[in-house]
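Report on the structure given below.
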Amino acid sequence: MKQLEERIRHDGTVKPGNVLKVDAFLNHQCDVALFDAMGAEWARLFAGRQIDKILTIEASGIGIACLAARHFGDVPVVFAKKTQSINLDGDQYVSSIYSFTKQREYPVIVAKRFLHAGDHVLLIDDFLAKGNALHGLIDICQHAGAKVEGIGIAIEKGFQEGGRKLREEGYDLKSLAIVEGMDPETGEIRFAESE
Ligand code: 5GP
């Protein structure tokens with residue numbers, strides 16, 4: 001998606017350790033018009049798929065998932081929580097994820113009453129690196145008996161293995177921007193061709 005690539009080039013910064021910082025528009029300050037355009041693009045890419053729920057992870061996934069839902073007939077958006085709280089009552093699906101940016105394990109939790117057997121789910125997240133976060137969500141869908149219809153990612157780091165693994169596992173994965181390489185010295189960011 002050219003609009004997203006241009007924004008990453010303009011406002012993204014390359015940090016040491018293969019980290020791309022996009023907090024000016026994606027995961028701290030939010031460009032809602034851009035989120036809306038991203039939602040429209042996912043709707044185009046997943047046209048023909050039956051999607052009746054969107055599942056994401058707090059916090060960065062929530063905004064993009066909510067705008068995306070407007071383009072999928074206002075389906076409900078469920079976000080997995082990363083911490084237990086007294087407000088999280090009832091039975092839960094719990095999986096564990098290793099975080100690339102935080103370098104530690106954390107739980108992902110979804111209340112059983114919001115995800116059901118037979119749900120047709122679109123997974124949405126801001127970044128795909130090694131695929132750990134998405135595998136946590138997939139694990140939760142499998143436990144619930146929900147079907148993963150597709151995976152929509154804003155920025156895939158194509159030089160890390162997550163995207164290749166998920167495509168090999170047969171998932172319909174659409175990333176709006178695929179970063180092929182980035183250089184922390186020069187700040188240069190190279191993209192793969194998008195659909
Ligand atoms: P994965 O689980 O695929 O290794 O990493 C995905 C998660 O890690 C995303 O939800 C995102 O929060 C975070 N992440 C991975 N790489 C980056 C990055 O380069 N920049 C930022 N801002 N977040 C990242």
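Glycine residues also receive a Cβ, built from the backbone N, Cα and C atoms like all the rest.
What TrEMBL records for LEU20, ASN27, LYS157 is xanthine binding site. Within the same chain, residues at least 6 positions away in sequence whose Cβ sits under 8 Å from that of LEU20 (xanthine binding site) are ILE8, GLY12, THR13, VAL14, PHE127, ILE155, LYS157, VAL179, MET182, ILE189.
The domain 'Phosphoribosyltransferase' annotation in TrEMBL covers 47-157.
Positions annotated as 5-phospho-alpha-D-ribose 1-diphosphate binding site by TrEMBL: ALA129, LYS130, GLY131, ASN132, ALA133. In this structure, ASN132 (5-phospho-alpha-D-ribose 1-diphosphate binding site) is part of a helix by DSSP.
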Among LYS130, LYS157, all listed as binding-site residues, which has the most CB atoms within 10 Å of its CB? LYS157
Sparsest Cβ environment (other Cβ within 10 Å) among binding-site residues ALA129, ALA133 belongs to ALA129
Reported mean pLDDT - the domain 'Phosphoribosyltransferase' (47-157): 94
Least buried by Cβ count (within 10 Å) of the binding-site residues ASN27, ASN132: ASN132
When the domain 'Phosphoribosyltransferase' (47-157) is classified with DSSP, how many of its residues are helical, how many are strand and how many are coil? 29 helix, 46 strand, 36 coil
